[in-house]
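Noted in TrEMBL for the protein shown:
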- B:363-392: domain '4Fe-4S ferredoxin-type' (DOMAIN)
- B:Cys372, B:Cys375, B:Cys378, B:Cys421: [4Fe-4S] cluster 1 binding site (BINDING)
- B:Cys382, B:Cys411, B:Cys414, B:Cys417: [4Fe-4S] cluster 2 binding site (BINDING)
- B:402-431: domain '4Fe-4S ferredoxin-type' (DOMAIN)
- B:440-470: coiled coil (COILED)
Amino acid sequence: MNSPYIKETTSVSIIMLKVLLALVPAIGLYVMYFGPAILVSIMLAIATALVCESMMLKFRSYAVKPFLLDGSATVTAVLLALSMPPLAPWWLIVIATAFAIIVAKHLYGGLGNNLFNPAMVGYAVMIISFPVHMTQWPAPEMLASAHLTFTQELQYIFAGIMPDGLNLDAVSMATPLDTLKTQLKLEHTINEILQMPIFSWGSGKGTEIIALGYLAGGLILWQQRIITWHIPVAFLSGLFLTGSLFHIYDTDRYISPWFHLLSGGAMLGAFFIATDPITGATTPKGKLIFGAGIGFLTYVIRSMGGYPDGVAFAVLIMNICVPLIDAYTQPKVFGHKSVQPDAQEK
Amino acid sequence: MTNLRSLYNFNGGVHPPQHKEVSAGRPIVKAPIPSRLTIPLHQHIGNVAKPIVQVGEKVLKGQMIAQAEGYVSASVHASTSGTVSAIEMLSVPHPSGLPDLCIVLESDGEDTWAERIPLNYREMDLSALRNRLRDAGVVGLGGAVFPSFIKLNPGPQQKIQTLIINGAECEPWITCDDMLMRERADEIVQGIEIMRYLMRPEEILIGIEDNKPEAIAAMQAACSNLHFQIDVIPVPTIYPGGGAKQLIKVLTNKEPPSGGRSTDIGVQCFNVATAYSIHRAINHGEPVISRIVTVTGNVTLPQNFEMLIGTPVNELVALTGTPKADTNRYIMGGPMMGFDLPSDRVPAIKATNCIIAASPRLFPQPPAPMQCIRCTRCAQACPVDLQPQELYWFARAKNLGKAQEYFLFDCIECGCCSYVCPSNIPLVQYYRFAKSEIWAREKEKQASDLARERHEFRQLRIDREKQERAEKLAKKAAAAKAAPTPAVEGTANPSGIDSDAAAKKAAIQAAIERSKAKKAGIAPKNVDNLPPDKLKEIQNIEARREKIRELAQKEIE
């Protein structure tokens, strides 16, 4: 044994556990506004993730138990489940999770070596492959014309059976971002669009409350020193500033930046996904660039791209840039004048 | 005297549990003289001191037994009176665990001092004063054991603005400096006066971590009635706030340049215990033969002792009562940067500030390392703003060039990164390994460079000789070719050939004459008493030879 002989007790498992706990407020609000189906998705994703993780660990000759207990697979599963529509059929969740764990994580070398955020890879692959299934979100409780009981939800998720006389449209609807996009294409102005029942004071009904849940969880993570402020602040600022510029340019065609902050995956992405340490930038300045890049790209994809939400693609695109960002943002070392490793005196 | 002074921060640092109260409660006690002392000759940075005593020689307490060798070195002294019983390679407290040259001293129990000559330093020449410190074996007692007289000689160009006295003592468990300041503040200040005389700084600051209120009060009291000003400054308690560079940053907001010295920015920093030993050396004529050591950890009664250099560690531990049963090893230094002693029989030396009896309960083995998740807690904790997660990556991949590009050699090995790592990766071990690997390769490269240079020189010499020989041959050949040419053109000088041939003939003739004369002169003695038939035979042979000679003569002519 060598010095230091003492250690702080924080472990990877504890960090991951804290991340999961910080998600509890948002998940609670999710259940309140969209029903308990999300819990089924989460359980399904966790089960798939654990099975795939143990399988891959075994294949790669790692000790299964300690690495399974690090909690990283569970976190990936929960984040992925929260990004997917909760009424998605079981196989959609299973394929997404399996792809995230097996391909995005383990085939890239496992925890610590993966270049791309596994949850976002799973999500992106699904939205490209199954766009219809991926856009069927349940309507918020107060807007749905019909309600499924929990048993009926389970029946639909696992067997694809809807109760007699009910079709999917009765319980699902486009997301606020999707609605906004479609309505803008139909040449409606922002003001007209916002009169639609799905929108509320911030963004979509219920959506904005859940976004606040993620914000609260994110603040807990920051207070617990699991994440630093850099990435969330830069992400949200990037999104907000880009949104403001367009909004000021044409208020009829570009919605208020506040709407962007509170809809889609913005808050979840800012505090829980972009902050993934493995695939994110590591230097303080790099984190700012990384976060701001995601915020900017999210806005660009949402407003000009082909998908209603852009967080997943923005995160993946910025993941590509991480090595470059890190290399060019090395902080000044104590006792040195220059910043760049290359510029040091030889 | 404290004035309002703004303090600065260094980035990073950690707050490990202190455990200082356990040993700081009791006053310093003088450890008894052990019956046998083992005094290593390499207790300082630089060259090993040269022994100047013989086995069997009687020495007095404080007598120099090994002399500083070269500039960066310090002398070593007998810690008590007695007889030198051995000068040999013995196990010493060093992370490498390798043995080193030691002088073993059998104490006579008298503890008789050699003559101690106090000096009036205010009338002394500065270099004489510094030499005195070297001969008294004064080295930095904070743990780095750099010879102090060198640091007290900043050179003619460099002006020391700020003299910093380090009483921060940031490592957990250690309280030797704390207790020294509490109990001997006046003597520390007298040592500082000597440093002031040597360096003439513009200001003198004593930095003490604010978890030592008694030490701060004692030092403030000792500094209150001086004819010059010393500022006693409480600094925030954070590890490694007692690192010289970190303390300098906190007190002055200056960063000692990487690879340079703090004197480059006009600052010099000494440990409080060093100031104390400077005072003892000059004002009392006592060389460094003892120091304060904290004995703590898994012992019954943790305490600070003033012990003689060379006291075996097990005897020090025994002073705190019977060590607890589950003690499995002893650590020298603190838990953040200390190291395992090879055994409890090694001596305590000038660098020994703390002995921690360790047990699995006190310092449990960390769980098995997991993968790095790049959480950058290490980077946030790093006091020199490195990116430990990158260095770890490069060190693991043995990408040593890249590791150096990312400032591996600025790592002070404080262990903060390992301390915070949630994946239990022994990060600092990787950096120590990478550094040693680079040194080894550097050495190897130097050796191979030398070999290559030698080889190239040899090749050069061989080539040159070859060329010279070729030139010589060519010259000869040219000369040989040139020789018949005059014969062809012989008409120009026909007599030339004749005279040449005549000279040759004459020379041959002369040689034959000489040989004849020689033969005539030396009559072979073995023919003196031969029978007549044998003599006749010899004469016949001689006659034949004569004939042949004549024939040969004719041939030449």
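Note: Cβ is positioned from N, Cα and C throughout, glycine not excepted.
Using a 10 Å Cα-Cα cut-off around B:Cys417 ([4Fe-4S] cluster 2 binding site), the binding-site residues B:Cys372, B:Cys375, B:Cys378 reduce to B:Cys378. Considering only the binding-site residues B:Cys372, B:Cys375, B:Cys378, B:Cys421, B:Cys411 ([4Fe-4S] cluster 2 binding site) has B:Cys378 as its nearest partner by CA-CA distance. Summarising the environment of B:Cys378 ([4Fe-4S] cluster 1 binding site), the number of other Cβ atoms within 10 Å of its Cβ, over all protein chains shown, is 29. Annotation for the binding-site residues B:Cys375, B:Cys417, B:Cys421: lowest Cβ count within 10 Å of the residue's own Cβ, B:Cys375. Cα of B:Cys414 ([4Fe-4S] cluster 2 binding site) to Cα of B:Cys378 ([4Fe-4S] cluster 1 binding site): a distance of 12 Å.
Counted within 10 Å of its Cβ, the other Cβ atoms near B:Cys414 ([4Fe-4S] cluster 2 binding site) come to 26, all protein chains included. B:Cys375 ([4Fe-4S] cluster 1 binding site) is 13 Å away from B:Cys382 ([4Fe-4S] cluster 2 binding site) when you measure Cα to Cα.
DSSP states for the domain '4Fe-4S ferredoxin-type' (B:402-431), grouped as helix (H, G, I), strand (E, B) and coil, give 17 helix, 0 strand, 13 coil. Over all protein chains present, the Cβ of B:Cys372 ([4Fe-4S] cluster 1 binding site) has 24 other Cβ atoms lying within 10 Å. The [4Fe-4S] cluster 2 site is defined by B:Cys382, B:Cys411, B:Cys414, B:Cys417, and by the 8 Å test on Cβ atoms against their centroid, the other residues of the chain that qualify are B:Gly12, B:Cys378, B:Ala381, B:Pro383, B:Val384, B:Leu386, B:Pro388, B:Ile412, B:Glu413, B:Gly415, B:Cys416, B:Leu427, B:Val428, B:Tyr431. Sequence-ordered, the extra residues of this chain that approach the [4Fe-4S] cluster 1 site, with Cβ no more than 8 Å from the Cβ center of B:Cys372, B:Cys375, B:Cys378, B:Cys421, are B:Ile373, B:Arg374, B:Thr376, B:Arg377, B:Pro388, B:Gln389, B:Tyr392, B:Cys417, B:Val420, B:Pro422, B:Ser423, B:Ile425, B:Leu427. Ranking the binding-site residues B:Cys382, B:Cys411 by C-beta neighbours within 10 Å puts B:Cys382 at the top. Under 8 angstroms separates the C-beta of B:Cys372, B:Cys375 from a C-beta of chain A, among the binding-site residues B:Cys372, B:Cys375, B:Cys378, B:Cys411, B:Cys417. Per-class residue totals from DSSP over the domain '4Fe-4S ferredoxin-type' (B:363-392), listed helix then strand then coil: 10 helix, 0 strand, 20 coil.
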